[in-house]
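Everything below concerns the one structure shown next.
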Amino acid sequence: MQKLKVFLSDSLNPHLNLATEEWIFHNLDPSQQVLFLWRNEETVVIGRNQNPWSECNLAKMKDEKVHLARRTTGGGAVFHDLQNTNFTFLSPKESYKRENNVQIIFDALKTFGIQGEASGRNDLLIPFPDGPRKFSGSAYREKKDRAFHHGTLLLNTDLTRLGNYLTPNPKKLQAKGKESVRARVANLTEVSPGINHDQIVTTMVKSFENFYAGKAEVESLTMESLKLIPELKEQYEQLSSWEWLYGNTLEFSHKMDEYLTLGFFDFHFKVEDGQIKDLKIYTDCLYPQVIEDLTESLRGKAYRGDAVREALMSVRGKHTELNLGLSEVEEWLCKNIEI
């Protein structure tokens, strides 16, 4: 009989929960079957190879204090909040079958009268009169002796907000990569009103034990206990760093324009790995040297607010008589970059 292990996270910190996944994947005994259940505060989670500027409405996220997190697995951008339960399965590679995990989820949902169906490799659907709608998406990862499968279960997420955070301003961005396809989604409460995270956790653990015909060792993980694990602390620091969240981005272009005190400004940035690789400023500003200094000071800088402020500070130092107008340019740029 295989050993069964269940981890339940009491933390709502997205970077810590994703770091816990990494710790489970790299450090636990791969011969056991593991289930990790967790949820996050309001967070947009993007895939390993996605562009946050292209996938997310960063301005709205900043205003409403929504976290950004990046997975180590592929797939598209998703929105997490406390009405969204996340699952992670770890299995020995030789016995791993995605269908097993899907069956565990479906068996748990039957408790609430919900009949799910699988679609393709990643999505789980529930039928509606106007067609099936997605309530879960997932991603996968493996190495020589273990396989990893994680995903989301939409319980009662505010789907309007989800659309807002995952809808970029199309006027501002032209990314080289393909943007995520927004599938039609549904909450499980639309089929089973009143379903909540604690109920899902209870039924998922029971379904996990029933499927493998055993009793699982259940362990609750808190923020305090997780921080005591050195490997986990290292993973947390990496997954919450600017370099991981924003620097791990392929080349893309970002255009912004506005009428300001010093004239009309039309900035074209070329960004790669979170750095300003090149830029061009089109403007009717009457101070050409200021434009040259702006261009040179911004080129090569990190594409984030503090780096832009540092660059503009040096330009303002050279052109003190234009300090007010340059401060306006600075605030406008930082608002558009929004990190």
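Indices start at 1 and increase along the chain as displayed.
A Cβ is built for glycine as well, from the same backbone N, Cα and C atoms used for every other residue.
Annotation source Swiss-Prot lists ATP binding site at ARG71, GLY76, ALA77, VAL78, PHE79, LYS134, citing sequence analysis. Among the features that Swiss-Prot reports, (R)-lipoate binding site is placed at LYS134, with the record citing sequence analysis. The domain 'BPL/LPL catalytic' feature in Swiss-Prot is assigned to 29-216.
PHE79 (ATP binding site) has a Cβ environment of 25 other Cβ atoms inside 10 Å. Ranking the binding-site residues ARG71, LYS134 by how many Cβ atoms sit within 10 Å of each one's Cβ puts ARG71 at the top.
When the binding-site residues ALA77, VAL78 are compared by the number of other C-beta atoms lying within 10 angstroms of their own C-beta, ALA77 comes out lowest. Residues ARG71, GLY76, ALA77, VAL78, PHE79, LYS134 are the ones the record ties to ATP, and the longest Cα gap between any two of them is 20 Å. Summarising the environment of GLY76 (ATP binding site), the number of other Cβ atoms within 10 Å of its Cβ, over all protein chains shown, is 19.
Look at VAL78 (ATP binding site): DSSP puts it in a strand.
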